[in-house]
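Visitor: Here you go, one structure.
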Amino acid sequence: MIIVTTRQMQQMDKNTIESFGIPGRVLMENAGRGALETLSDHFDLKGARVAVVAGRGNNGGDGFVIGRYLMEMGVSVSFFLLSNPNRVQGDAGVNMNLVMDLLAEHSQSQFIEITDKESLEAAGEILQDHDLFVDAIFGTGLNADVRGIYRDVIELINDSGKAVFSVDIPSGINADTGAVCGVAIQADATATFAFAKAGHILYPGNFHTGDLEVIDIGIPGHIAKAQSPDIFLPESHDIADLIPARNFNAHKGSFGHLLVLAGSPGKTGAAALCANAAMRTGAGLVTLGVPETLMPVIEPMVMEPMTTALAQTPSGGLSATAVDDITALLADKAALALGPGIGTDPGTRELIKGIMAIASVPMVIDADGLNCIAENPDILGTVKAPVILTPHPGEMARLTGKTTADIQQNRMETARNFAEKYKVILVLKGAQTLVACPDGAVSICPTGNPGMACGGMGDVLTGMIAAFLAQNLPPESAALAGVYVHGLCGDLLAQDYAFGFSASDMVANIPQALKTLFS
Ligand SMILES: NC(=O)C1=CN([C@@H]2O[C@H](COP(=O)(O)OP(=O)(O)OC[C@H]3O[C@@H](n4cnc5c(N)ncnc54)[C@H](O)[C@@H]3O)[C@@H](O)[C@H]2O)[C@H](O)CC1
Ligand SMILES: [K+]
């Protein structure tokens, strides 16, 4: 699914009206009619008393179109305008006047202005005495935190316990970030126009949107395309299409040999989880390189992956002196996974820098590998091969010098800017993991759940992404497929366990997730 920004949407509107020549009123009529169909699909309107609550902009205009059709359907509908009528201009004003003209024909309808505390007090009871609210207060024109009478009315609607239908986007939600701007409508369903916006998808906006319907309002395809939308919400078929079908005469060499460099004292499980996950995700062969004294500890943890002992530092982490052996190991590998449980020993950090300078295969760098890069992200410019980084917000904070709170408040912008600046695929983990590409494209992962918030999940993800790299998927596809299937794995487990399932359970469940993807 394509996701657009408010600027792109406003530009599409403008170009459709001014260059192509579909009048704005027609777009508003199409929007209102389409939204009405969604309303009728989601709510039983028979005998319902509907309150259309309108702002002064075009979102309100859509509300008036919806209300006009409701009146013609014989539905009891009242209008509450949170503005002076004389401030309602343009297409919205035209549709407001049409509603006013119809009032005379519909005695059960009323038109009430709520512009201050007094008028809210006077109208409050009437407003609450409805079964369904149509929220047409703010749409993509919201440009500040919601205050005053708007806030009071939104809180009254939210506290009413009645059904709520939002026009375009729940009022109070930032359409580009999903942030709640002071207060926001809690909708049961939302009808948006032309394309979904990130605010419908990104937390917490997704929890305010309810069921989302995208209404075609007649924006010509070429005008939409001209805005080059670059935010995507993949669906399972999009991911399945990324993974090549397997030929009948395939053999393990057909699916690549992955080298995993991981593990340090106390973090041996991370290495095993990563290597085992890679095998389960379809890599043809996996070799796991670990510090030599950990071999007897890790070997029993892995069956299918091969293991190789590498030089270690006095504290037991991988040593920079292992770089020659690793160079030789990489000669016949298709991809590299670097970092799970690798530790922050200075010698290991030297090794990581050395590997990045010589590796010529696509690589995924995670965990302490990221912390090494954080010392000097410019090192990414020295890497000859495609790089996928998989930071969680804390690691992203270290990579960017920002706070974790900053990262979480600007996830998409942070991920996109980093990917563009350093020419890497940046996987910003967390609820709704983002996959950002050097060309600015960002995908929002719809799979995953809080049951996955425990140690080891990242090691599994690294192995899964690396396995798709080993199978020769392009880096952005490998990252997207890995993130999506990883989340799908967790979702399938959450159906049975809610939470309490482990990273090891995830590894065991990868084949089931892949089966679901292709079913
Ligand atoms: N192609 C489409 O998507 C179409 C969308 N339509 C609808 O148009 C709105 C956008 O309309 P716009 O007039 O630009 O803005 P809003 O109605 O969202 O804003 C209302 C109004 O409120 C003011 N305002 C903004 N923030 C605040 C605030 N915090 N407090 C008080 N007032 C605020 C702002 O100045 C605006 O004037 C879109 O969502 C769709 O519903 C078209 O109808 C059809 C095509
Ligand atoms: K709205």
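Note: Cβ is positioned from N, Cα and C throughout, glycine not excepted.
Predicted, not measured: the structure shown is a model, and the values here were computed from it.
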Visitor: So TrEMBL lists LYS429, GLY430, ALA431, GLN432, THR433 for AMP; which of GLY394, GLY401, GLY458, GLY463 goes with them?
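Guide: Matched candidate out of GLY394, GLY401, GLY458, GLY463, per TrEMBL for AMP with LYS429, GLY430, ALA431, GLN432, THR433: GLY458.
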Visitor: For the K(+) site that TrEMBL assigns to ASP135, SER171, which of ASN58, ASN59, ASN249, ASN276 is also named?
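Guide: According to TrEMBL, the candidate sharing the K(+) site with ASP135, SER171 is ASN59.
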Visitor: Counting across all protein chains shown, how many other Cβ atoms sit within 10 Å of the Cβ of GLY341 ((6S)-NADPHX binding site)?
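Guide: Total other Cβ atoms inside 10 Å, all chains included: 26.
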Visitor: Taking the residues the record says bind AMP (LYS429, GLY430, ALA431, GLN432, THR433, GLY458), how far apart in Å are the two Cα atoms that sit farthest from each other?
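Guide: This binding site's residues have a maximal Cα-Cα distance of 14 Å.
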Visitor: Measure from the CA atom of THR140 ((6S)-NADPHX binding site) to the CA atom of SER171 (K(+) binding site) and give the result in Å, rounded to a whole number.
Guide: 9
Visitor: Got a sec? Which of these binding-site residues, GLY61, GLY430, has the most Cβ atoms within 10 Å?
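Guide: Within the set of binding-site residues, the most crowded position is GLY61.
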Visitor: Of all the binding-site residues given, ASN58, ASN59, SER171, GLN432, which residue's CB has the most CB neighbours within 10 A?
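Guide: Of the binding-site residues ASN58, ASN59, SER171, GLN432, the most buried by Cβ count within 10 Å is SER171.
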Visitor: CA-CA, which of the binding-site residues GLY61, THR140, TYR150 lies nearest GLY430 (AMP binding site)?
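Guide: Comparing Cα positions, the candidate nearest GLY430 (AMP binding site) turns out to be THR140.
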Visitor: Just give me the nearest neighbour of ASN143 ((6S)-NADPHX binding site) among the binding-site residues ASP135, ALA431, THR433, Cα to Cα.
Guide: ASP135
Visitor: Do any residues at least six apart in sequence from LYS429 (AMP binding site), in the same chain, have a Cβ closer than 8 Å to its Cβ, and if so which, in order?
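Guide: Non-local contacts for LYS429 (AMP binding site): THR390, PRO391, HIS392, PRO393, GLY458, LEU461.
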